[in-house]
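Quick look at what TrEMBL lists:
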- 43-269: domain 'Reverse transcriptase' (DOMAIN)
- E495, H560, E575: Mn(2+) binding site (BINDING)
Amino acid sequence: MQFPLNELYYAWEQVRRGSPSPGIDGITTDLFAGVKKDELIRLQQELIEEIYQPYPARGFYLPKNNGDKRLLGIPAVRDRVVQRWLLEDLYLPLEEVFTDCSYAYRPGRGIQMAVKHLYYYYQIQPKWIIKSDIRSFFDSLNWSILLSILEHLKLDPIIQQLVEQQLKSGIVLKGRYFPRNQGVLQGAVLSGALANLYLSEFDRKCLEKGINLVRYGDDFVAACQSLGEAERTLNLITQWLERIYLQLHPKKTEIYAPDQEFTFLGYLFKKGQVYAPLPPEPRKKGYPLDPSGMPRRPRPIYIHSFLSQPPKICSLKPKTSTQPKILTNPKHYFVDTMTTLYITDQGSYLKAQGYQFHIFYQRELRCKIPVNQVSHIVLFGCCNITHGAVRLALTRRIPLLYLSQRGRYFGRLETEGQAKVEYLSQQVKRAENPEFTRLQAENIVRAKLNNSRVLLMRLNRRRSNSSVKQAIANLEKLRDNLPLANSMDELRGYEGKAATVYFQALGSLFQAPFTFEKRSKRPPTDPVNSLLSLGYTLLSQNMHSFVEAMGLHTHFGNLHVPRNNHPALVSDLIEEFRAPLVDSLVVYLVNKKIFTPEDFTPPDGRNGVYLHPDSLKKFLKHWEEKLHSEMTHPYTQYKVSMRRCLELQVREYIASLMGDTDGYRPMLWTK
């Protein structure tokens, strides 16, 4: 079956007009809009190849006026696009089985038409009115019945399969995944149409029996000539609904005499007349108006600035407490966003309990984190993980990263990548094309030099250091001379010269007592190099995850020479982010005296300098905050987090790889 791209675009436009709220993946409609072309093409390919799998919906409870709670589920934006496409495809088949007495969730119909239909019965002569609604209607729909009704529509098997997938995708509520075996989620695009379909046979039976039914979703009324007819009709309705596993709500089911008034869908029916609800209270700028016409603004609530949000790290350091079950350690940092879980305290271990990760230290439970809030797990040194936690992480495609206690990268454990054959074949083909590799490599180096130069300009605004000014000019000259490089080796030579100029200038911008003369890697021989090495390692692993998640092979690079056991493409794509992400963070941490020399170990036998364990946690806190800081992406023009920007740049590379753009468009930092 074909899934025309123009139809997916139309479905996306319909989704965009609705709620901007994100699903479980955190992607809002605004973020999706920035990458809609790539995402819709990817979605089309998954649908054609029948490998599409919807995400679980993001669930939450909405309070009702009567004190109860209603469960709502918000699918991911990409799943809402699929549901909207399905709804458009199902429109004609569904309209053929729907009856004239139902008005909800149907194009061209609404509350006013339902009220007008009821008024047609009500105005002729006094009527006995049955008014009721169905208890837990959306949550009680039986899948076997619903899918059987769908089969009778003679739909394409793929359509049937996609609808069934949406039904069975499940929901994540408060960090825990709940599979579902009945019902449809309120908040999903398809739910209203499927709910109407479920009751289509009930509607038909009512009309065949001469029942004057008007239904709007799970609310309905029936007009009868007498009390006896009303009681018989109510019994029939109750029996028919029970056959399809539905029940009337006893507190909302009532028979009204002709002289009694009642409301339906907000409209008041009284003495043969119908009255519209009162207009909403006049407001201005979102506030109700007082008698003078001025908006009544609530008194502001002041939140002191020193009450900052907890950072995004779990500290496992022991703490004495009279309540040992789960220690209330203020250093247990974790917020409700998809982020990285860092395990740093030596001897701690990670377990899985249900759909949560539990962290134990010295046999005490120190922290619980819902699995849906974790994007990566990083274990430093002698930290252990159980088989169950590994299985849960791999099932949810959460990579496990192993680093030494001092931050040296050892390896990663993850599920098989989502590598796409079309990407791999194109990567192989492009790797043999010297013009393509030269173009991409030059763009990458240009972005690196540009962003390094911009960082120096920002840091030197108040200092006006002459040597830094000269370095800025030299970087600009090297950047402009990149097209003059006659070979890839010469291009790499330009990049090497620029790195030397840049780091010499950067070293002059660090405040005492810290000094930085040159870049040293293995081992880092001073505190600044130690911070830079750790930051580059974390940056590389974040980019590695995005590259694999997008279906690319990590070893086919352009600037970096492909070799065994080296992800050259990852090394390429992090170049433009070194200065904006890592270098700027290190300068901030040092010059703001967040780190002092006491945070670092003395030089070891190889002159290596590293962070102390507690200082490592402090760095990770600021690193996560940096990843969550926002910037305007240069091509989508949407304000996104730095972490999201990494993902967008992988998509940019895919666009250049597949020929959708003339070349790779790197992330260029501006003044």
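Each Cβ is built from the backbone N, Cα and C atoms, and glycine gets one as well.
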Count of other CB atoms lying within 10 Å of the CB belonging to H560 (Mn(2+) binding site): 18
Neighbourhood of E575 (Mn(2+) binding site), C-beta criterion under 8 angstroms, separation at least six: I444, V445, A447, K448, L559
Cβ-Cβ distance under 8 Å to E495 (Mn(2+) binding site), same chain, at least six residues away: V445, K448, L449, L559
